[in-house]
Amino acid sequence: MMQLKTINPSPPPHPPPGLRLFPAADRSRKFHQLLVLLLTFSAYAAFHASRKPPSIVKAVFTTPLNQTLPTDNGTGWAPFDGPDGPHRLGELDLSFLLSYAIGMYFAGHLGDTVDLRILLTFGMVGSGIFVSIFGLGYFLDLHSFRAFLLIQLLCGLFQSIGWPCVVAVVGNWFGKSKRGLIMGVWNSHTSVGNIVGSVVASSVLGFGWGWSFLLPGFLIMAVAVFVYLFLVVHPEIVGFEVPGGNAESDVEGVALVESRKVENGDVDADVMESEDDGGLVAIGFLDAWRLPNVASFAFCLFFSKLVAYTFLYWLPFYIRNTAVAGVHLSHKTAGILSTIFDIGGVFGGISAGYVSDMIEARGATSVIFLLLSIPALISYRLYGSISMFTNIVLMFASGLLVNGPYSLITTAVAADLGTQSMIRGSSRALATVTAIIDGTGSVGAALGPLLAGYISTRGWNSVFFMLIVSISCAACLLIRVVKNEIKGKLNEGRWLWLWLSIVDR
């Protein structure tokens, strides 16, 4: 059985210095919620913008695989310019993402115990510093693979701080009502950050690849200043009650499969309630794994994120090395064109969130998007080179369907599972569960780009086959979750009501 300990609540921290410097007579709860959404959105968009430069400069680092390509990348950049260049770049991605995944587990637990505003600011500044240091390699004429590897390892550790922090802050301020839609819109920060990073890095690539790192590095440090000055991590800090803070509101934390009860005797709900209702419930790392459906969604995200991050790190390189209507695109054009995938991701996250709210079944929504993404990826590989129009349309559709479940699981699902009624909506479990889900997903994110670096030298059909197998595995992992969702809805008669209401419209 899970053993939870009760932590006596400490006095709430003082409001952030920005609010103290600019006092206002009347700030409503709505004002603070909008401010939280804006700041956390900007913070994580800046994180993703700072991750994008490696994918933009890949084609600059390597010697062209196809010697008929325009020679605007010269002979590459040692140590990535030889025939093993794609392998080295894949290993560079692995170093970043693996340290990111490992750091995620520790960052999530740390986020449950310290001031999230300070921790998030620390992660952003550290990330900006190491992204900028990577860019300085251009100006210092650095060619040491070990040095680049070390920089990426340290950068990944700082980047891992971001996600548990922003999800925990948003979870503190918003209840379960319309959580899928709210977080679907909010989670577009991932795609928006990718778009901003791609455009910024591509636009200055002609001045030297170092600028493609320096500008995103400065950007995330600038956003960190606003986070430190104005982010309110908890409603109690400014005198508001926590959403669903009483027993009657605990339903806001019910897991997505309607786990108001613990099935099959996996967890004893009685021991998960605090003995002191005024205390905060802290949940152990291993205990959090045993919460219903945490493991299923964590490993589903492993495969979903493998696919999403393969596109994040290799799509500009793929576009650069694949003729569109018989023409090979320049580095700058390939980088900017790759943003279409992320634009589709914005709509995918919002659509998945809306659908999951409407049918109240996060697992079923994720599986639908995953299954539809398989023919989308096959079509993009087979027909994306016919014309620029078909390339854009199929890339948009692929981004929408691939990023839909990825967005849903990392936000609404993680928040649902981290605030289940059996742990009485404790935000002390939210960052831990979020870190488990996204940390496991990040292991897949580390594996995908590495495999793509090795497999791409054998042909892109093999890479797409790997992506399709991964998506199939992700869908299979949710079969039990979907089965429980369907059983619960049929028992309640809620899907019949939903079908009748749709027909009525």
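Note: Cβ is positioned from N, Cα and C throughout, glycine not excepted.
Curation plays no part in TrEMBL annotations; they are all automatic predictions.
Taken from TrEMBL, the feature compositional bias 'Pro residues' applies to 9-18.
Feature annotation from TrEMBL assigns domain 'Major facilitator superfamily (MFS) profile' to 38-487.
Residues or ranges marked as region 'Disordered' in TrEMBL: 1-22.
Under the heading transmembrane segment, TrEMBL lists 31-49 (among others).
Outside the transmembrane segment (94-111), and at least 6 residues removed from its termini, the chain residues within Cβ reach (under 8 Å) are 51, 54, 119, 123, 149, 152-161, 163-165, 168, 285, 309, 431-436, 438-440, 442-443, 445-447, 449-450. For 94-111 (among others), the entry in TrEMBL reads transmembrane segment.
If you look at the transmembrane segment (118-140), the same-chain residues 6 or more away from its ends with a CB under 8 A from one of its CBs are 43, 46-47, 50, 53, 107, 110-111, 147-148, 151-152, 154-155, 157-162, 165-166, 169, 208-214, 216-221, 223-224, 227-228, 231. Sequence annotations record features per position, and here TrEMBL assigns transmembrane segment to 118-140 (among others).
If you look up TrEMBL, you'll see 146-174 (among others) marked as transmembrane segment.
Summarising the annotation, TrEMBL assigns transmembrane segment to 186-207 (among others).
Per TrEMBL, transmembrane segment is recorded for 213-233 (among others). Among residues of the same chain six or more beyond the transmembrane segment (213-233), those with a C-beta under 8 A of the stretch's C-beta atoms are 13, 15-19, 21, 32, 35-36, 39-40, 42-43, 46-47, 49-50, 52-53, 57, 115-118, 120-121, 124-125, 127-132, 134-136, 138, 168-169, 172, 196-197, 200-201, 204.
The feature transmembrane segment is assigned by TrEMBL to 294-315 (among others).
According to TrEMBL, the transmembrane segment annotation covers 335-355 (among others).
For the transmembrane segment (367-386), same-chain residues at least 6 beyond its ends with a Cβ under 8 Å from one of its own Cβ atoms are 304, 307, 322-325, 348, 352, 355, 394-395, 397-398, 401-402, 404-405, 408, 460-461, 464, 467-468, 471-472, 474-475, 478-479, 482. Annotation comment: TrEMBL describes 367-386 (among others) as transmembrane segment.
Marked as transmembrane segment by TrEMBL: 392-417 (among others).
Per TrEMBL, transmembrane segment is recorded for 429-451 (among others).
Annotation source TrEMBL lists transmembrane segment at 463-482 (among others).
By number of Cβ pairs under 8 Å, the transmembrane segment (31-49) is matched best by 186-207 from the list 186-207, 294-315, 335-355, 463-482.
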